[in-house]
Amino acid sequence: MFPYPHRHLLAIEGLEPPYIADLLDLAENYALLNRQGKTQRDLLKGRTLINLFFEDSTRTRTSFELAGKRLGADIVNMSVSTSSVNKGETLLDTASTLNAMKTDLLVIRHGQSGAPALLAQKLDAAVINAGDGTHEHPTQALLDALTIRRRKGTLEGLTVAICGDVLHSRVARSNIHLLLAMNCRVRIVGPPTLIPAEAAALGVEVHHSMKTGLADADVVMMLRLQKERMTNGLVPSAREFFRFYGLDAEKLAHAKPDSIVMHPGPMNRGVEIDSAIADDPVRSVIGEQVEMGVAVRMAVLDVLARGLRRNA
Amino acid sequence: MFPYPHRHLLAIEGLEPPYIADLLDLAENYALLNRQGKTQRDLLKGRTLINLFFEDSTRTRTSFELAGKRLGADIVNMSVSTSSVNKGETLLDTASTLNAMKTDLLVIRHGQSGAPALLAQKLDAAVINAGDGTHEHPTQALLDALTIRRRKGTLEGLTVAICGDVLHSRVARSNIHLLLAMNCRVRIVGPPTLIPAEAAALGVEVHHSMKTGLADADVVMMLRLQKERMTNGLVPSAREFFRFYGLDAEKLAHAKPDSIVMHPGPMNRGVEIDSAIADDPVRSVIGEQVEMGVAVRMAVLDVLARGLRRNA
Amino acid sequence: MFPYPHRHLLAIEGLEPPYIADLLDLAENYALLNRQGKTQRDLLKGRTLINLFFEDSTRTRTSFELAGKRLGADIVNMSVSTSSVNKGETLLDTASTLNAMKTDLLVIRHGQSGAPALLAQKLDAAVINAGDGTHEHPTQALLDALTIRRRKGTLEGLTVAICGDVLHSRVARSNIHLLLAMNCRVRIVGPPTLIPAEAAALGVEVHHSMKTGLADADVVMMLRLQKERMTNGLVPSAREFFRFYGLDAEKLAHAKPDSIVMHPGPMNRGVEIDSAIADDPVRSVIGEQVEMGVAVRMAVLDVLARGLRRNA
C-alpha cells in the first residue's frame, strides 16, 4: 500500500485493512531477522527517536528502545511524571521543545486519552501512541494480530474472545478495532460492571459468562485486571473474580481444542489467569506476543520513517 | 582563539569575548548541520560523556544527550538524588569514581553553587556546568546569545531587558555576564524582593517597572518564576505578579516594535508570560532557543574535547 | 581454560581457580586498553545487554554500562522497584519477557539472595549477578582481586583482613570465596554482632580486634557500614564503631608497612574509614578498584558472550 497513507500511528480505528496487513507482513520479516540475530542499523541511522513516557512502563519502553536500536536510531528516554505536566498548554510546549530538538520519531505514553493526537498536530515528528488513557494502544493490537496470524495462518473468520476488564482497557479497544477490520468475529466477556456501554454498537458480541463467551473460540485473549478495580467496588474480590472470569482449564475447555491463550502482560497469576494455563507450552502464546512486540515496533518505526522528509 | 584557553566550562563570568564569539560561531555551524540532518559522529567517537544530574531536568539533560550522540560520544546518564550525597567529601569521592572510569566529558547539574568547580579541580575530565544553585548556567546564556545574534545580526549595542525573578536565577546571572562582555546594555526588571542587592555593581540598570524597563528594548528575556517564591512571601500571588511583571501585549508595546521575546522554559503561562505572546510566531523565539541549545552544547563538547589528551 | 565451563556468573563460590585467573588476565588486558583509550566495539556488536536493577546502584550500573558500550553492545537499562515485583512468579514472567526480547546478556541486581540463579534457569541469556541480597557480588570480588594482584604481583600467600560488617556483606562473602580459592590467608574482623556464625566453617580466621586482625596483613579491606545497622542495635553508634573498628593511622600501623587499603565504595568517611587513610596516595587503592571494575566487567561480558550461540 504505497505510498503509506499515515504520518503517525495514533489508533487502530480508521486504519485500512491493507495498511494493517502491510505492517504485519513487514513485522513478520523483522521477527525472522531478530531470530537470526541480524540487524538493519542503516535504516534509522541519524534519526532521533524520543521515548516520552508520562506513565511508567518498563516493558513497552524497553520494547520500543530495542526496536529503535536494532534499526540504528539515536534514542533518548524522557520519563516525566504527569504531576509536573498537568496543563494542556504545557503538553504543547513539550511539542515545541521536541520540534526544536529535531525529533524524527516520538513514542508517547500518556494518562490522558487523546494526548498523542494533540501532540501529533503540532509536531514535525512521526508520533506513535504507546498507550493513551483508556483510548488505544495500537502496537499492542498489531503484535497480538501478528501472533494470532502466525499461529492460525490467517485472521479471517476467527472467533476471538476478549475477556475481563474491557471497560478500562485500551488494549481491548485497539484489538476490537483491528480484529473487526480483519474480519474476525469478536466477543467481549466480563461482568456487566466491566463492559463498556457502547460495546454492542462496536459490532461485538457481549457475554457475561465465560462458558458462552469462550464457546468454540479460536483465540482467548485475557486482559490485565488493575488492582484498583477491586478497591472501588467494580469487582468484589480477586478470588471471586477468578472464580467467574479467571481463565483455568475448566473454562478453557469450552474453547476449541486448538485455541490459543493470550495476555498482554504483566499477568496477575491467580486473578485473571491460572498459572498452569499461562505456562502451557502449547496453548499459551504469551512469550511470542512479547517477541512479536519488538518486531511490530520495528515495522512501525520503519514505515513511519519512510514518510519523513530526510532534511526538514 | 587557538589554543582554547579553558579546560572546563564552569561559568560565563571571566570568559574572554573572543572565546565566546568562537563558541557562538561554531554553534551556528552545528545549527546548520542539524537542520540538514547531518551528524559528525567521528568527533567524539570513543569518548565517554557522563550526564551527572543531582537535580531533575529532563530538558537540559536531553539536550546534552542529543548533542553528545550527534557527535558520536558514549553517553551514560547518572541521576542522583541530592539526599544521598549531602557531604562535601562524597562529591569528591564521586570525582574519584568518575576519574577511575575514564570519563572524558562530565556534564553536571547540582543544587549547590560551586559544585561543578569543586569537581573540576579533582577531575581529569572536562567539566561542563549545566546549572549550579543560584550561580550560573553557562550553556543557557550561550544559546540565548546565539538566538539573539541570529535574529539581530549582532549582540553589540543591543538593549536587553531581563525580567522577573532575577535574584534566584542562574540563567539571569550567566546572561548578565555574557551580554555585558559582548557590549550589550543590560537592564534587570522585577519587584525589589526579586532583584539581587549587588545588581548595580554588576553594571546593569535596575528597573522596578516593566514600562521603563522595556522602553526601547531590543530583547525581552523573561525568567521562570519558581512556584515556591509565592509560598514564601516574596511574591503576593501569581495573579498579582502577572499584573505587574507578566509579559503581555500592553507591556511589550513599550519595547521596540521589532523586539524579540525569550524564555528559558519551561514556561508558567499566565504567570510570567501571556500565552498569546509566547506563541507569537514573529516576536517569540522560544522554540529557536531550544534548537540553539543542542547546537551550543555540540560546540561546547567539541571545543572542550579538543583540549583533552587522547590517551590519559 | 577453554572452552569456558560456565554460562553465567552467579557466584564466586565453586569457580575453578584457573577460570578466575583467566578472567583476571583478560581484565588486566582490558585495563590496559582502557588506559590507552582503545575500544573493541566489534566484540559485542549486535548483542543486547540488559541492566535489570531491582535495587538502586548508580555506580555498579554505570560500570557495567561503560563496559558494555566499550565492547559495542546495545544496552537497555531497566530499573524496577522491588515493590511491583514481589512474587516469585513475576520474576519468572520477567525471565520469559527477557527471553522473548532476545536478550543476550543480563546483568541483574536484586534484593533477594538467589534471584539471579532463579532467572538463569529460565533464561537463554548469560546472567551476571551484580549483587543479590546478602549472598554474593562476584564482579566486586574479581575487581578487588585484580587490584590486589596488580599491586602485590600475586594473590598467593597474602594475608587479607576483611573488616567491619561482614555479616550483611555480599562483597565480603564473594571475596572470602575468591581469596581462599587463590590461596590467600583470610581474616574477618568485626564486632561479634556483625560476624556470621558460619565464619569459622568457611576457613577464615575470626578477629574481634583490629590490632590482632590487622597484624602483618598485606591487604586491609574495609566494608561499608549500612546506616540501618546503627538503628537496629547491632552497632552502638557511628562514633563508637569508628573508635573500635574504623580504619585510622593508628590501627593501620599494625598491618605491614607496604599494606594496601581497599573499600568497595561508597564510603562513610569517619565511620568505617578515616579520610586521611582513604585519600592516602600510596596506601589507598580505592580509585584503582573502580577502574578495575570496568575492566573486570568487560572481561566477564567478553567471556560469557563467547559462550552464546550467535543465532539462537
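Heads up, residue numbers simply count up from 1 along the chain you see.
For all residues, glycine too, the Cβ spot is worked out from N, Cα and C.
Matching B:Arg109, B:Arg229, B:Arg306 to the carbamoyl phosphate binding residues that TrEMBL gives (B:Arg59, B:Thr60, B:His137, B:Gln140, B:Gly265, B:Pro266) identifies B:Arg109. Taking Cβ-Cβ distances under 8 Å and a sequence separation of 6 or more, the neighbours of B:Pro266 (carbamoyl phosphate binding site) in its chain are B:Arg59, B:Arg224. Only B:Gln140, from the binding-site residues B:Thr60, B:Arg109, B:Gln140, B:Gly265, place their Cα within 10 Å of the Cα belonging to B:Arg170 (L-aspartate binding site). Reduced to three states, the DSSP call for B:Gln140 (carbamoyl phosphate binding site) is helix. Following the DSSP three-state reduction, the secondary structure of B:Arg170 (L-aspartate binding site) is helix.
In sequence order, B:Gly131, B:Arg170, B:Val171, B:Ser174, B:Asn175, B:Pro264, B:Gly293 are the residues of the chain that are 6 or more apart from B:Gln140 (carbamoyl phosphate binding site) and have a CB within less than 8 Å of its CB. Here carbamoyl phosphate is bound by B:Arg59, B:Thr60, B:Arg109, B:His137, B:Gln140, B:Gly265, B:Pro266 per the record. The longest Cα to Cα distance in that group is 17 Å. The Cβ centroid of B:Arg59, B:Thr60, B:Arg109, B:His137, B:Gln140, B:Gly265, B:Pro266 marks the carbamoyl phosphate site; residues of that chain outside this set whose Cβ lies within 8 Å of it are B:Ser57, B:Ser63, B:Ala130, B:Gly131, B:Val171, B:Pro264, given in sequence order. Proximity to chain A, defined as a CB-CB distance below 8 A, holds for none of the binding-site residues B:Thr60, B:His137, B:Gln140, B:Arg170, B:Arg224. In sequence order, B:Leu52, B:Phe53, B:Phe54, B:Glu55, B:Ser57, B:Thr60, B:Arg61, B:Asn129, B:Ala130, B:Gly131, B:Asp132 constitute the residues six or more apart from B:Arg109 (carbamoyl phosphate binding site) in its chain with CB-CB distances below 8 Å. A C-beta separation below 8 Å, combined with a sequence spacing of at least six in one chain, links B:Gly265 (carbamoyl phosphate binding site) to B:Arg59, B:Arg224, B:Ile286, B:Gln289, B:Val290.
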